[in-house]
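Novice: Quick one: the structure is below, and I'll ask about it shortly.
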Amino acid sequence: MVADPPRGDSKGLAAAEPTANGGLALASIEDQGEAAGGCCGSRDRVRRCLRANLLVLLTVVAVVVGVALGLGVSGAGGALALGPERLSAFVFPGELLLRLLRMIILPLVVCSLIGGAASLDPGALGRLGAWALLFFLVTTLLASALGVALALALQPGAASAAINASVGAAGSAENAPKKEVLDSFLDLARNIFPSNLVSAAFRSYSTSYEERNITGTRVKVPVGQEVEGMNILGLVVFAIVFGVALRKLGPEGELLIRFFNSFNEATMVLVSWIMWYAPVGIMFLVAGKIVEMEDVGLLFARLGKYILCCLLGHAIHGLLVLPLIYFLFTRKNPYRFLWGIVTPLATAFGTSSSSATLPLMMKCVEENNGVAKHISRFILPIGATVNMDGAALFQCVAAVFIAQLSEQSLDFVKIITILVTATASSVGAAGIPAGGVLTLAIILEAVNLPVDHISLILAVDWLVDRSCTVLNVEGDALGAGLLQNYVDRTEVRSTEPELIQVKSELPLDPLPAPTEEGNPLLRHYRGPAGDATVASEKESVM
């Protein structure tokens, strides 16, 4: 017995309309108003759009207001007029946002990578990792080449005398980081394999130098020490290997995998709460950094060409090169994808930290762009560690800039050395503010350029580093989108799934017997439609 379809009335009840497949669809009041051309439907559309993009709009407005507020306070006397106590209170909301984000970096990175590595079968893990590293390597090389080309074309360091005279006191040459190239790469290898996982959560290994008197001769001796700063590279490597080990345990590792997945989900709930505070923190972070600068106008006047070269390179790579790569492989609109991650991009600009932006980026690519959790939570932490397109581009521009300041010519061999060294050193660049400047000394030493001029780079790094971070996290997100597209196409072509996600929604009672239906460590071979899967059609992936 078929019931009569509901009929619309003047009180706003939905009316039934036939669909193409013979069914009935309910037309809402908004749809009826839009069909009639009334203004009510337009207002409702605008209201829904504002509600859906409220956080994005608030974040963009926060950046604009932060710049205006910072320039206004700077024009009224800046940090000197405020005094130390008022300045500390002025930047406190931004400091609070950084502390909230850094608080959840460690559990988020470790739990997401363990859960992600454990939810992929070994073959898919290797393929996804290889494609991700290839994408990161190619885009970093393209960014480095673009940086060198722009610096050679625009000649930002041509007016060396004026820049040295005006900004020479902005930093101290003695404080510039000086490290041998070999020791830098050895430190990178040491940090990949930390000797203590607990200390790796807040310290990393770094080589320093001290002069010793050996047989009447002053010799520079390398001395290893632990320095402040999370060794995120070592934690990433350990988490991936530990996740693979849990997968190898089979049913015995399911309970621990579910624990890490649940821990990760709880962390993402915290992220969703922090996101609504992000606009306030970003506004005061941007404003506070502008207020702390002594003379913003002078720096822009003297180093404007260098700043323009860096920002132009980041804009070209982020708005043209990366979207073009995404479009060529996915045939989808890349700018629609970028619109879904506007909030993390603005957060990256405000915090100047790829690691601090990681929680927001995970949530946005999953909810707004449809990237699967086991992909985003596996790829994005790796990208935040090894993918530094913005840093590589900035380092190449800075190296050519310093060469022009020093009036040293760059031949073909030196240019290739800059490209290769910038790409390699950016892999180990920490996802923290000013991380790129710390590795710039490696490039300068590789091509025998003076390290003293790094003080000029530090004078404007507060702005360039923010642009670098935006480009870095954009590359991470687009890489996750590309891998999601690759997985979708591969699963359609193959007769068996490549990715087997561990079901974290199972009840957390004592470890049950490995039943056939809910065991995520078994591959199910689908037969013809309607046929039941028998035990002989299942094969363990272990």
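A Cβ is built for glycine as well, from the same backbone N, Cα and C atoms used for every other residue.
Not my notes, these are from Swiss-Prot:
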| type | residues | note |
| --- | --- | --- |
| INTRAMEM | 335-365 | intramembrane segment |
| INTRAMEM | 415-448 | intramembrane segment |
| REGION | 509-542 | region 'Disordered' |
| TOPO_DOM | 1-52 | topological domain 'Cytoplasmic' |
| TOPO_DOM | 83-95 | topological domain 'Extracellular' |
| TOPO_DOM | 118-131 | topological domain 'Cytoplasmic' |
| TOPO_DOM | 155-225 | topological domain 'Extracellular' |
| TOPO_DOM | 250-258 | topological domain 'Cytoplasmic' |
| TOPO_DOM | 287-307 | topological domain 'Extracellular' |
| TOPO_DOM | 330-334 | topological domain 'Cytoplasmic' |
| TOPO_DOM | 366-374 | topological domain 'Cytoplasmic' |
| TOPO_DOM | 402-414 | topological domain 'Extracellular' |
| TOPO_DOM | 449-461 | topological domain 'Extracellular' |
| TOPO_DOM | 484-542 | topological domain 'Cytoplasmic' |
| TRANSMEM | 53-82 | transmembrane segment |
| TRANSMEM | 96-117 | transmembrane segment |
| TRANSMEM | 132-154 | transmembrane segment |
| TRANSMEM | 226-249 | transmembrane segment |
| TRANSMEM | 259-286 | transmembrane segment |
| TRANSMEM | 308-329 | transmembrane segment |
| TRANSMEM | 375-401 | transmembrane segment |
| TRANSMEM | 462-483 | transmembrane segment |
Novice: So which of 53-82, 132-154, 226-249, 259-286 is most in touch with the transmembrane segment (96-117), counting Cβ pairs under 8 Å?
Specialist: 259-286
Novice: Out of 53-82, 132-154, 259-286, 308-329, which stretch has the largest tally of CB pairs under 8 angstroms to the transmembrane segment (375-401)?
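Specialist: Answer, by Cβ pair count: 132-154.
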Novice: Under an 8 Å Cβ to Cβ limit, what residues of the same chain, 6 or more beyond the ends of the transmembrane segment (308-329), are close to it?
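Specialist: For the transmembrane segment (308-329), the far contacts come to 139, 142-143, 146-147, 150-151, 154, 156, 335, 337-338, 389-390, 393-394, 397-398, 401, 464, 467-468, 470-471, 474-475, 478, 481-482, 485-486.
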Novice: Which one, 132-154, 226-249, 259-286, has the most C-beta pairs under 8 Å toward the transmembrane segment (462-483)?
Specialist: 132-154
Novice: Other than its close neighbours in sequence, what residues sit by the transmembrane segment (132-154), given a CB gap under 8 Å and a spacing of at least six beyond its ends?
Specialist: 305, 308-310, 312-313, 316-317, 321-322, 325, 379, 382-383, 386-390, 392-397, 399-401, 404, 410, 415, 418-419, 422-423, 426-427, 471, 475, 479, 482-483
Novice: With DSSP helix as H/G/I and strand as E/B, how many residues of the topological domain 'Cytoplasmic' (250-258) fall in helix, strand and coil?
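Specialist: Helix, strand and coil residues of the topological domain 'Cytoplasmic' (250-258) number 9 helix, 0 strand, 0 coil.
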Novice: Other than its close neighbours in sequence, what residues sit by the topological domain 'Cytoplasmic' (330-334), given a CB gap under 8 Å and a spacing of at least six beyond its ends?
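Specialist: Same-chain contacts beyond the flanks: 322-324, 478, 481-482, 485.
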